[in-house]
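Annotated features, as they stand in Swiss-Prot:
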BINDING   Cys73, Cys75, Cys88, Cys91  Zn(2+) 1 binding site
BINDING   Asp464, Asp466, Asp468  Mg(2+) binding site
BINDING   Cys810, Cys884, Cys891, Cys894  Zn(2+) 2 binding site
REGION    1365-1390  region 'Disordered'
Amino acid sequence: MEAKNLTARQVLGFQKTIGFDEVRISIASPETIESWSKGEVRNPETINYRTFKPEKGGLFCERIFGPTKDWECACGKYKRIKYKGVICDRCGVEVTLSRVRRERMGHIKLAVPVSHIWFLKCMPSRLGLIMDMTAKDLERVIYYEDYLVVDPGKTPLRFKQLLSEQEYRDALAQYGEEAFVAKMGAEAVRDILKQIDLQALANDLTAAMEGTRSKQLKKKLAKRLKLVQGLINSETRPEWMILEVLPVIPPDLRPLVPLEGGRFATSDLNDLYRRVINRNNRLKNLLQLKTPDVIIRNEKRMLQEAVDALLDNGRHGRAVTGAGNRPLKSLSDMLQGKTGRFRMNLLGKRVDYSGRSVIVIGPELKLHQCGLPKKMALVLFEPFMIRRLRELGHVHTVRTAKKMIEKQDPLVWDVLEQVTAGHLVLLNRAPTLHRLSIQAFEPILIEGDAIRIHPLVCTAYNADFDGDQMAVHVPLSIEAQLEARLLMLAPLNIFSPSSGKPITTPTQDITLGCYYLTQPPLKIKVQEQKRKPLFSDAQEVIFAYNDGLLQMHDLILLKNPDYGRSTVFGDKNKKVIETTPGRVIFNQIWPPELGFYNKPAGKKQLGEIILKCYQTVGREKTVQCLDNLKELGFAEATKAGISIGIDDMIVPAEKTRIISKAYEMVNVVERQYRSGAITDGERYNKIVDIWTQATEEISGVIYKSLENNLGRPEYNPLFLMVDSGARGNRQQVRQLAGIRGLMAKPSGEIIERPIISNFREGLSVLEYFISTHGARKGLADTALKTADAGYLTRKLHDVAQDVVITMQDCGTNKGIIVQAIYEGDEEIVKLSERIYGRVCCDEIIDPMTGRIVVRPGELIDEKKAKEIEEAGAEKVKIRSVLTCESKWGVCASCYGLNLATNRMARLGESVGVIAAQSIGEPGTQLTMRTFHIGGTASQVFKQPQIRARNDGIVQYIDLRTVKTVDNHFIVLSKSGYLAVLDPSGRELERHTVIVGSIILIPDGEMVKKGQVFVQWDPYNVPILTEKGGIVEFRDIIEGVTVKKELDETTKQISTIVIEHKHDLHPQILILDENTREVIAFYGIPAGARIEVKPGDKVVAGQRIARTPRKMVQTKDITGGLPRVAELFEARKPKDSAEIAKIDGIVEDGGIIRGKRRILIRDPQTGSEEEHLIPLSKHLIVYKGDVVKKGQQLTEGPIVPQEILDVCGIQELQEYLLNEVQEVYRLQGVEINDKHIEIIIKQMLKKVKILDAGDTSFLWEEQVDRLKFEEENRIIEAKGGKPAVGIPVLLGITKASLDTDSFIAAASFQDTTRVLTEAATLGKVDPLKGFKENIIMGNLIPSGTGFRTYRNIRLVEVAPPEFKEEKKEQKIYGNGEEPAKEQKWIPQAGT
């Protein structure tokens, strides 16, 4: 057996397309344009109105563009293929295929040169840059308003000076016609461009850049130099930006189609070309006739405008319109936007052999099957049918086979069965938000018109059966079928790529059936039951149950099947377990390795069981279990017949008590407000909080009352549905049977009066009216936000599309440090969850036993992650894509597990696209969620206290505190934190505490687990005095810096600081009681309320003023999505915070130009930084505070770019990661960190050059980090001076447009700008990413198309075996590895 080096495609008889490795774009010279052309178009006519034949020399001329009929010249002298290539002597048309009319171009010779609008008007204007003129001046010249001095001669005129009509006449009169040359229009510009020596200009610019200090000038010179270098490198002359010859695109790309009634529909381009030709011909005639200059100039300007309109209509002046005032579509419009060439025809093609239909549920299907209507299959598999009919000898020609199929001969159906057996189809549901929206299934032919799908894949497709439609595609080639079977088959996609959790989890009826089956017995029944029968095995229980001797939820004793053996769920210590017949039946479908599951199994638990099942027994058995689970769930739900009635919505008895208590508390707050103890804002916040707590309390109580079901001897169906996760959620139940709660105004504010009623009791007219607000806004929001979410997904895709696994291990020892995430005192993300599936950087040792848990470079699986957590590790350093050092793409070790397959990521896996899908998909889903809750305010109530999570010793670290009368401590400093230590001094937990918090336990004392040891006022930010003394006011002047406010309701007067223009700075000074010198002073921000009077005596820790916290707004994803977009776009948030640039001590620098000057001095180095902060911003640090680099000095969100500048890359990465995760976490969406890390990596891949050294970079140029390091390495090796650069943070839109690939950038946004830039610089597209390869018609360089798998050696196998296998329709196993004979398949497929 000899091995031949053949590629898979050659073996299967595919023709190799002409391959190319890169694509270059540059500006065409007039000679090039003429070389493309087959002839000049002189006649503006299109076709003859009588004969409907193309006019000679016109826009559809057959002599230029080729014949309209195959193998036939225009006059009909030569017909048929035998005259191929003959040029007719009568009509001059070449005898050839009419298809050439799609590729042959013509040209128009312009009477005068014309500027190309892209190079003139696309900002920054390339013509303006190279000529060093402003775009405005250039326009005046090009549109024939001013003269441009091309050659000043001996006159005092300057080169490139603009002269108005009058100035030109005066100059002529003064110096004479021969003395100087000044011209108008594009001709003048062309003459100047012709004089430019690019190399000399480049040298001059470089010298000028080195010689200047001005940043402004340097920036401008760098831009010009970049353009000049680009032109030199691409061997382009600048005068080619001025057109002398205009190409005419092939006629079949701008067709003229006859409609009925003798009218014609034409492409707008024909109208635009006709205008150009008409004006050009008229100008030629006028030039020969010695016409007055004014007329000629006007005609030249009109020609310039006609060409502008053809190239980019609407960019200059008003757009040229056609019938009905519609702007005509120019060449640029055909490229850009959703309907342009890139997005419509190159990236989104219509697919042959596809169909779509409504979907219905197919409960009888197996997971790898789908039901395909016979009518659809007949059309989709037609070519296969024809081949099979001929093979079987039923027909001999294709035509008769087609007729047979059309007639639907009974024989056809049998053949159809044979053809479709084992031939997979792909099912897709729009919107295709992630890769699980297209999966492969084996078609089962069914009657009827609807496609049937398996209930368990609905979650992945997000499909329901209220009229959803799905598309079917047939993979045709052998490779496509193979990939469908080995990679896309539904049983292979059990896990979600975004979180690694099972996605084929049961929903709705299946969940309900299983949950009902595994319910514990009712308490009443248990009391009635006399004895618990004992059974020896499951079979006995099932017999007894089937014979009616047992009820499903009777309590029974069963001999423990897991006694003495370790299983996942079983209890190996008990000999007998207490269970119910229902649970015994439920356990029959799971493999015995899992053990006996003896708890109620709701949606969440079922997901857990599926995951454990996969980990224990592998995929094949799990898939069988899933199908059994589906059968069981449906059967039991049907038998149980669970349905809800109005009596099942039990309003809890405690509701009235809770509400009256809330009303009392509200009255107390109102009284406090009326007595002036609190402000209106505080009153509002307190009332909202009271009702939020009351609503939460009622929610808890409802659940209890539903579970008890008023003591009836049956399960409450509403409780079963919600508790199992089958239907509805807690909020909906609360609204049905509890309290509707607080509602939001359309502005997002919460209305402080809640809706007390629920739907069971019915709403009053007023309550109903209030609730319409939120419900309507929800619907409007959903419609608007879906588009935003889709756009975010698209931007993410574009930025991450070319991130692929390119190597196994890049060998770096860098990584990131991760730890568990806490919110308040609750652990919300465990350490084990964050490190699972990642590669460890450092050795981790169990401190108790000294055993090595994980070695460097080892993958942390679930078991290891648990062990690390149990070993008490707080922080773990793991490999991350953020620190990956692979040339392009990322390496498998830095990425870790592929969550969808639970295996290490493989070469060629497109992790970037998966990251984009994982982040974008929940965004789209979450916008739909508002729609279901119906406008009730979801308000997160935060406890204003900290509880200890462990027993330990409290330690104050860098905290400044003041002791109060009752032995508590008030926190005065912003920096520092509280720690809880174990007896050996190891830190167990740490908490940041806000200024004004009261610590209830002194430093060094013990705290018990669960004990509250810090409290604070949730409604105000206090300003506290650190020293005791006498109060004195400074710059607190009524009517200027403060106002006295009389509250109408409370009749109380309060002093409020107001915004003011004067150079005054309200401060409260504290004077020493004896010496009367100033010992402390506090700036009071606008909006604060002063609580002391001059001359008052205060003690340390007393509150002297307070600023109310902001009003409460609702939190939902609509607030979240814009936040995610803001983070990924790296926008500067409004009202952003100021952050400290160095470590040091805060000093007050007084007030300068209406801003507060803060100095931070580092006592070690003596360096200091100053910050100028607007007076309206509230400072959260005080004089003498110790601050760390990057710490906030004022309130507000932080600017990401500043974190990068001050703290460096790692802090920024951590900040972005945590901020994005927080938004998703709030919605209960799980996304693995690695996906967000990939996007952040792409945002940080550029470096800004500060000093180019001896490299070829330019000042302030943004270059790829790897390119930067590579170039530096080369220069350093030669002993030169390397470049210096700083990392920059780009928003995802900017990062997408800044890729190496101009094709990908052009297909994303700003098409004309991208192409203009690419053409002037002569860019080369290396075709590395996905989009550019799809556009060029190549396989994408990822997955099976990855370069490693492209050229695989095939081993020839003896033909008989191969054929034998082929006959049997089962070449490949059931979703597992393919048969052994074809050795090449596993490599190609995986």
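Placed from the backbone N, Cα and C atoms, the Cβ positions cover glycine too.
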DSSP, reduced to three states, assigns Cys894 (Zn(2+) 2 binding site) to helix
By a 10 Å Cβ neighbour count, the lowest-scoring of the binding-site residues Asp464, Asp466, Asp468 is Asp466
Within 10 A of the CB of Cys810 (Zn(2+) 2 binding site), the number of other CB atoms across every chain shown is 19
Across Cys88, Cys884, listed as binding-site residues, the smallest other-CB tally within 10 A is for Cys88
Smallest Cα-Cα separation from Asp464 (Mg(2+) binding site) among the binding-site residues Cys75, Cys88, Cys91, Cys884, Cys891 is shown by Cys891
Rounding to whole Å, the Cα atoms of Asp466 (Mg(2+) binding site) and Cys75 (Zn(2+) 1 binding site) are apart by 61
Asp464 (Mg(2+) binding site) falls, by DSSP collapsed to helix, strand or coil, into coil
The sparsest Cβ environment within 10 Å, among the binding-site residues Cys73, Cys75, Cys894, is found at Cys75
Neighbouring CB atoms within 10 angstroms of the CB of Cys891 (Zn(2+) 2 binding site), all protein chains considered, total 23
Cα of Cys891 (Zn(2+) 2 binding site) to Cα of Asp468 (Mg(2+) binding site), in Å and rounded, measures 40
Going by C-beta under 8 A and a gap of 6 or more residues, the same-chain neighbours of Cys91 (Zn(2+) 1 binding site) are Glu62, Arg63, Cys73, Ala74, Cys75, Lys77
Asp468 (Mg(2+) binding site) sits from Cys884 (Zn(2+) 2 binding site) (Cα to Cα, rounded, in Å) at a distance of 43
Other than Cys810, Cys884, Cys891, Cys894, the chain contributes near Zn(2+) 2 (Cβ within 8 Å of their centroid) the residues Met807, Asp809, Thr812, Arg879, Val881, Thr883, Glu885, Ser886, Val890, Ala892, Ser893, Tyr895
One should report the C-alpha separation between Cys810 (Zn(2+) 2 binding site) and Cys88 (Zn(2+) 1 binding site), rounded to whole angstrom, as 65
Around the recorded Mg(2+) site (Asp464, Asp466, Asp468), other residues with Cβ within 8 Å of the Cβ centre, ordered by sequence, are Ile359, Ala463, Phe465, Gly467
CA pair Asp468 (Mg(2+) binding site) / Cys894 (Zn(2+) 2 binding site), Å rounded to integer, equals 40
Same-chain, non-site residues whose Cβ lies within 8 A of the Cys73, Cys75, Cys88, Cys91 Cβ center for Zn(2+) 1 are Glu62, Ala74, Gly76, Lys77, Tyr78, Asp89, Arg90, Gly92, Val93
Cα of Cys894 (Zn(2+) 2 binding site) to Cα of Cys88 (Zn(2+) 1 binding site), in Å and rounded, measures 67
